[in-house]
Each structure stands twice: as C-alpha cells, then as structure tokens.
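Comments concern the structure below.
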Amino acid sequence: MAVGVFDSGLGGLTVLDAVQRRLPEVPFVYFGDNAHAPYGVRDADDIFHLTCAATERLWAEGCDLVILACNTASAAALKRMQETWIPKDKRVLGVFVPLIEALTERQWGDNSPPREVAVKHVALFATPATVASRAFQRELAFRAIGVDVEAQPCGGVVDAIEQGDEILAEALVRSHVEALKRRMPHPQAAILGCTHYPLMEPIFQEALGPEVSVYSQANLVAESLADYLARKPEFAGAGTESKFLTTGEPRSVSNKATQFLRRRITFEAA
C-alpha cells in the first residue's frame, strides 16, 4: 500500500517528512519534477500537463492515491484534473484543503452554507501562479463569509531555497512581508501557501509579529491524510516500497534534498 507524493521540486519533502512521521507504516513514493521546476512561473496549461504526467508516473508505481504536495499544481491544475481526467479508481488530493479546514474549523465533507468564522483578515503568501489562480480565495468563499484575503506573490523565494541560499531567501521573505503589510497592516492569520515555505516559517513569524497565527501545511496535510486513509483504506495502493524519483539529475537532486531535510535522501531517475 503505497501513497504518491508529488512536487515540482523539493518543497514537497516538507510534506513527505510530516506524513512519514504520522504514518510510519505506509510506504511513500516521492516524485520531484526538478527538470521543470519552478512551476510558479509557468502558465496553467503547462502546469496541468506536467502534473498529469507526474501523476501517471506515480500510478505506475502502484500509488492509487497521489498527494499534490505543490500549491501551484493544486491551485492551477487539480480542479481540471478532477473534472476531466482522473479515473474513478484513483484519487488525487491537493494541499489547500487541510489549510482551509484548519482556518474555517470545518471538515471538508461539510457542505453546509458558508458561515462567519473567527478570522477576518488573512495574509496569503504563495508563488505568482498560485496567487494568479485565486484558488485559495475560491475555496475559502465556499466555506466562510466576511474574510478579507490579501495575497502576496513571493517571487524568488522558491529558487533561493532550492539553491540553498538561506540569506537571500530570508531577505526576500522579509521584503514580501513588508510589501503585504503596507496593504494589510494587521493580519490575524497568515497562510504559507507553498510547501517550500515551512523552512522559512520562523522568519515569516518574526517578520509578521507574535500576534499573527501562521498556518503551515506539512502537519495539517499529514493529519488530513491519516484521516482520509482511515475512512478510505481502499485507496492505499499496491506499491510496497518507498522511493524517491526525479526528472532532474539524481546525484545533484539527492545532495540538495539531503541538505534540505538534513538526512540522507537518495533519488533515482524517473
């Protein structure tokens, strides 16, 4: 019973780390489309086709359930995939859902009308493609009313993290937070809408201030996955071994991933 985890690069490893800790008995197959990263600057059609290709590769590894551990793919491709492409015996889940569940304090299956929630002012930090898709605002509007969302496209942050340039990544995060606070001086909550950003969570929190609740995805996604598999065990696929696949150069990606997670990760060519 293997579960697939997909990202355009290394950010999804933050999600993989959390789901492995939460579900140590489940094998996971991670697919990084490093040859085409970052997705955050690509158009929606391009993201759709790349995400479908990666998902098919994970199905071939015996993963009937695939997690898009990439907000750009979840925002720009998932709805179209679910409506036009995914067969009935497979499931593809995005990473927005657990965030919105946490923010609105309601379960995904709860289809009651949108209602007032405690949080009124939300800052969203994400890639330019995720911000342009407005997927977060759309999903939030189905569940909550009266929430003001101010979105900040965080150009350059993913590239800096993938290159291992922490000083540049930190400087960019601080400048993006400053830019957002000029438009929304007092957010109550901040959504880190990219799976790379948990690595920068302390910097976001420091720049935003202690009064802002920062929602980061990895642990929320892990809890959601555990709940999903408990309810739908038939989607734990036939695969039996954990592995790491990449469209990039395996040695280079392995070295970056090892730096990224601070434990040895060995990728093989997809």
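Every residue, even glycine, has its Cβ placed from backbone N, Cα and C.
In Swiss-Prot this protein carries:
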BINDING   Asp7, Ser8, Tyr39, Gly40, Asn71, Thr72, Thr195, His196  substrate binding site
ACT_SITE  Cys70  active site, proton donor/acceptor
ACT_SITE  Cys194  active site, proton donor/acceptor
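Structural mapping of features recorded in Swiss-Prot.
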| residue | record | Cβ within 10 Å |
| --- | --- | --- |
| Asp7 | substrate binding site | 30 |
| Ser8 | substrate binding site | 33 |
| Tyr39 | substrate binding site | 25 |
| Gly40 | substrate binding site | 29 |
| Cys70 | active site, proton donor/acceptor | 35 |
| Asn71 | substrate binding site | 35 |
| Thr72 | substrate binding site | 33 |
| Cys194 | active site, proton donor/acceptor | 26 |
| Thr195 | substrate binding site | 30 |
| His196 | substrate binding site | 29 |
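Cβ atoms within 8 Å of the centroid of the Cβ atoms of Asp7, Ser8, Tyr39, Gly40, Asn71, Thr72, Thr195, His196 (the substrate site) belong to the same-chain residues Gly9, Gly11, Gly12, Ala37, Pro38, Cys70, Ala73, Thr127, Thr130, Val158, Cys194, site residues excluded. Here the C-alpha separation of Gly40 (substrate binding site) and Cys70 (active site, proton donor/acceptor) works out to 10 Å. On a Cα basis, Cys70 (active site, proton donor/acceptor) lies 5 Å away from Asp7 (substrate binding site). Counted over all residue pairs in Asp7, Ser8, Tyr39, Gly40, Asn71, Thr72, Thr195, His196, the record's binders of substrate, the longest Cα to Cα distance measures 12 angstrom.
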